[in-house]
Amino acid sequence: NKSKKRRNRVSFLGVATIEPPKPIPLTWKTEKLVWVNQWPLPKQKLEALHLLANEQLEKGHIEPSFSPWNSPVFVIQKKSGKWRMLTDLRAVNAVIQPMGPLQPGLPSPAMIPKDWPLIIIDLKDCFFTIPLAEQDCEKFAFTIPAINNKEPATRFQWKVLPQGMLNSPTICQTFVGRALQPVRKKFSDCYIIHYIDDILCAAETKDKLIDCYTFLQAEVASAGLAIASDKIQTSTPFHYLGMQIENRKIKPQKIEIRKDTLKTLNDFQKLLGDINWIQPTLGIPTYAMSNLFSILRGDSDLNSKRILTPEATKEIKLVEEKIQSAQINRIDPLAPLQLLIFATAHSPTGIIIQNTDLVEWSFLPHSTVKTFTLYLDQIATLIGQTRLRIIKLCGNDPDKIVVPLTKEQVRQAFINSGAWQIGLANFVGIIDNHYPKTKIFQFLKLTTWILPKITRREPLENALTVFTDGSSNGKAAYTGPKERVIKTPYQSAQRAELVAVITVLQDFDQPINIISDSAYVVQATRVVETALIKYSMDDQLNQLFNLLQQTVRKRNFPFYITHIRAHTNLPGPLTKANEQADLLVSSALIKAQELHALTHVNAAGLKNKFDVTWKQAKDIVQHCTQCQVLHLPTQEAGVNPRGLCPNALWQMDVTHVPSFGRLSYVHVTVDTYSHFIWATCQTGESTSHVKKHLLSCFAVMGVPEKIKTDNGPGYCSKAFQKFLSQWKISHTTGIPYNSQGQAIVERTNRTLKTQLVKQKEGGDSKECTTPQMQLNLALYTLNFLNIYRNQTTTSAEQHLTGKKNSPHEGKLIWWKDNKNKTWEIGKVITWGRGFACVSPGENQLPVWIPTRHLKFYNEPIRDAKKSTSAETETPQSSTVDSQDEQNGDVRRTDEVAIHQEGRAADLGTTKEADAVSYKISREHKGDTNPREYAACSLDDCINGGKSPYACRSSCS
């Protein structure tokens, strides 16, 4: 074909003519036309634009156009007075698919072998010598307007790579790279660097360099590219990519930083970007530019104002001095590279050397991702980063890495530091700690805080133990050999805790063990000694962390710090001591509650000691189960324990109401004291749904002391336990797969469903259309209207007032102890359906008893001493037990007796109740039955109410 013939055509000189590379087509995100109107231009600029357009037209770079695309065009005047034409291609670039960078970074001139001769060339108008694909030309059309629209506008489109097009640099690199491929292949022993349109050639001898350059000229010309003859460099000093290259040394080109133009964030961002570009050559440590970096903080608007501080001005001056004096060295290609790590302030500094010649500096970024980064981890990160840089520069790992650690410290780092293991992964070279003897590194400001000296990983023996705590009310405290409370301005418990730890480190100039209930503070204190602290926009937090670090580093004695979980109710001295520290920082109300829990002081005493109101003091007493009754009851067989006051014990469960649709999961909570019910309908029964339900309960019922649930996953999750811990609520579960432990809430579920059915089938509440509205109406009825058996008030009244209404409360009874098989005397604390809570006497825990194991004492209530002493008169129940086994009617008679007693008592006539009780007692067989020992209580007893044995013939 024709193209093949052209490729094989031979000129009269005998040199093959190579066809220029084909244009690279662009990929477009959309076929939608892009038209941006041309803005008016002043007459002077319009005339300059016409001249430039005609010039480009003559050179064949543009052509007339009728394209439906348009981009604005404008001109700018250079310092020389010449005009330059530019096209605003932002709208077009937005619909071009990016090609991606081919050279992500500048090549380092330090890799050019030393003493090799060089030639540096610059391609002339490189973009304008590379054609656009024919189908893409119309996308880069522009319009030159006419003044007053007195004539049609002139339209052109680019035929070559336009300045400002998104992919122009990539296409240019590709074209030039293709042109240089034959040169690289033929002169593989030469060192050739190509970046955009700048080309550097180095060879071991001058003759070989000339041969290489001659061949390069021909290849570049055959590709349609032109060399700028006025920019060819053949002698030292060479200038390439901002560097001045000599036979062995490389220096940055002399520049002066204009400080008068530094006014906005964008100005400082550009300045630091330029400094960062030459930092590997300048060798300015990161810590030496901290004030310049701090100017970047704040408003992220590029046009936001910034002020050059005196400290930052000094750092700019340092940069200028380094530009004048800094230098690096070209390498010997036959000698290996080494990496030196110096423990400089703020963060470590890396130096790539060859023998004693400096090749490049390496630094970590000024800002870090973590709040605290250990210095050892920084060293490991810098090693990994610089190893990759060396491999990128020369293709090999460094021959040796020198670190500021002993052999034992290096061994421990491999064992304990994950960052160290990653940074040195697959390294087979030498790890040493002997630095070369040279003066070029002596200016570095070194630090000794590489590994911890004061902070210990294990508890200290024979050291003081101090507990710390902080509260959101701003108080910090510690307790131990002595106690101290510190008032802080912080409204964060963690920050107050941080102040407490700092104070302990300052107050105890001796070895100490610190125990804190803040995991965050503990972790920060453990690592702060050698850590780089990340800057935070919160100035208070910065000050606290810096003060903590300074305090730790100033200490002369070691310390150990560990974490303890708060409010766990675990036994042991650590928990008690931590609670004592908590008490020191609690608010007045919390202190009053904790003091009452400790001493059970009355409301007047609480108000006198703490700054609380009468209502708050009374609420504390009313919510205390010990102060409302004698003691907290213990669980006995066959009984569901109830709360003895509102919010003492809740039961909670999830039931299902299919008619509610996706809200069919109804979460139900019942207060076991008042039987107050609250329920919410939700879409599931996970922990998040349970927490949402409980927050609703808290808003209506208050916060309970204890909650009992089944063993569902929503109730047994760690997230739920954490939620309860935050609210200081204890939690118990029933026996798996046994619903009897949840009998109260199970019965409540049935009651609630029944009420819902009643409302739906026979109610007139047509307004209750949503599931929650139906549920709320049922709850209002059950809580505020219904009065249940053995109650005289509604559940809502009982829950809000805490008032007991059982008619049997305070009465003396006989109760059966199933463990000892004996009948004992007790006093009724509360009485419900099928259960009662009984106090056996002073200093004894109350017990929950089924009503079938209760029998009325039937005598005027005596004082506690006499009631307790009566136990000596109580007969053993072995005969009763044997009768229970032999005669099934006895148990039935007991139950009938209790039922009749309750019924008689409900009538309100004590005489009749006593008479019924005595009559039933005579039906029991044997003299050892407790009924036979019940004293006669008839007003006309001829024996004075003594033993009923003497009354059988007279009083009965």
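Cβ atoms here come from the backbone N, Cα and C positions, even for glycine.
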Where Swiss-Prot shows E497, D517 binding Mg(2+) 1, which of D432, D469, D538, D539 is named for the same site? D469
According to Swiss-Prot, which of these ranges is DNA-binding region: 27-75, 664-712, 811-859? 811-859
Would you mind telling me which of 161-164, 273-276, 765-768, 901-904 Swiss-Prot tags as motif 'LPQG'? 161-164
If Swiss-Prot is the reference, give me the range from 195-198, 291-294, 315-318, 527-530 marked as motif 'YXDD'. 195-198
Write out how many residues of the DNA-binding region (811-859) are helix, how many strand and how many coil, based on DSSP. 3 helix, 29 strand, 17 coil
